[in-house]
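Asks: Can you keep this structure in mind? I'll have questions shortly.
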Amino acid sequence: MTVRGWCLFQIEHVQVSKKKTVDNCLLRPRMASLVDYSSASESESETSPQTTQIGKRSRSDSSLPPLPAAFKHIRTDDNPEKYQGRIRTVPHTEGQWPTHVYIEVPCSKEIKDITAHIDSSPIKVDCPDDLCHISLSKCLYLKEFQHETFVAQIKRGIKLIKPFSLSFAAIAPLTNEVNTRSFCSLEVGYGYNELEKCMAVIDTVAERHRQPKFYQPPRFHASIAWSLKLESIEKAIASMPMEKEDNLRKAQFYVTRLLIKIGKKVSKIELQGK
């Protein structure tokens, strides 16, 4: 190798060495930053557990609260032996809430005189809490998301209906749609037209929620006793002293609100029409 060639070799060697040194210098900070980032994350997770807890709730904290007791199903056992021979006419379906719209009147002295006369086996008197219910709807079955709209729409619909009086005109035997039970019923006379106005509102709302309308033509009544045998009800009514039925016709009841029962929850809607 000549002296000139050896000098060129040395120059190229020095340049390559410098390039490697520069590359290493540029690479080290980049690697160091990666290492430092990882270390910092590990350090924070070890020393700052509270930050993680605040930023993210645990699974148990984010779970939904249980439904109120009012929305518990009344019963799912369909064994008639446990319910005095009564049979569920519609099978229980999870997620469907039995719904009933009605008014209530007190179980007056005149009504109690009648129940006292018919209260014998196999007839069962049924006036819970000394109140009689007059149905304005069939038993409907609503989904949970329909509850609020159903109540709100009925409330809007009856806002022009005034409180009113009613009285009963007759004692009659009635049987349910599937002929599993018969009832001793007090049929409404005076006040029928006002009940029909309420029913029209409820029917409209029921149809919007894909539910059936009330019976046509409606026979508004309060059922005060029931039996598994129609003939038992008919016999009790036939033996009713005429005086008791006359006293019933003279009694008047003042209606100021409707009630909507969904599951075990009862909403009360005041009549405020003027």
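Glycine too: its Cβ is placed from the backbone N, Cα and C atoms.
According to TrEMBL:
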type	residues	note
ACT_SITE	H133	active site, proton donor/acceptor
ACT_SITE	H221	active site, proton donor/acceptor
COMPBIAS	38-48	compositional bias 'Low complexity'
REGION	37-72	region 'Disordered'
Asks: Taking every protein chain shown into account, which of the active-site residues H133, H221 has the largest tally of Cβ atoms within 10 Å of its Cβ?
Replies: H221
Asks: About how far apart, in whole Å, are the alpha carbons (Cα) of H133 (active site, proton donor/acceptor) and H221 (active site, proton donor/acceptor)?
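Replies: Here the two Cα atoms lie 8 Å apart.
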